[in-house]
């Protein structure tokens with residue numbers, strides 16, 4: 001494992017932990033898209049079915065279990081424990097417009113036409129667009145809490161680091177996965193506008209398009 005893969009994994013984990021702690025400490029899921037979190041839970045569930053069929057390493061297995069557990073814990077907090085604070089009126093992105101096309105594409109473009117491979121491919125495609133409901137919610141409300149922007153920043157950083165990881169693996173290991181790379185590029189592009197606003201926001205936390213709330 002190279003340093004870019006490791007730091008990418010840690011950035012991904014940091015994003016998930018930041019979100020969970022935010023919800024738990026504030027006892028509120030205001031400003032968080034439950035639909036995005038449901039999509040991420042679906043991503044991890046369909047991607048890590050190989051837990052039942054293969055063992056790569058203790059690190060690999062542990063991270064997969066942590067991602068799955070944290071994703072469902074987040075969904076539980078949003079839709080059950082702190083349901084009263086969930087802003088469903090603004091979380092209105094039509095996720096079927098993501099899931100259905102992604103499902104169809106995973107059947108048409110995959111490495112191997114087998115159940116586990118199709119589900120893995122589905123998870124790769126879905127992850128690339130799973131953040132859209134959250135970004136749509138922020139654009140609709142025009143504001144985002146600081147902790148939510150940190151969550152998005154670390155998610156974007158995770159994906160950017162994975163792009164570098166794939167470049168590293170191509171040059172030093174001869175490994176290249178076109179499906180994962182294309183999906184990763186799409187996902188990174190979706191974060192570009194957010195990264196610009198995150199970095200260039202002024203001292204008051206305001207920037208054109210939305211406002212960061214302390």
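The backbone N, Cα and C atoms fix where each Cβ goes, and this holds for glycine too.
Quantities reported herein were computed from a predicted structural model and do not represent experimental measurements.
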Among 65-82, 83-100, 101-118, indicate the range for which TrEMBL gives the feature transmembrane segment.
65-82
Take the transmembrane segment (151-172) and find every residue of the same chain, 6 or more past its ends, with a Cβ under 8 Å from one of its Cβ atoms.
2, 4-5, 7-9, 11-12, 14-15, 18-19, 22, 131, 134-135, 144, 180-181, 184-185, 187-188, 191, 194-195, 198
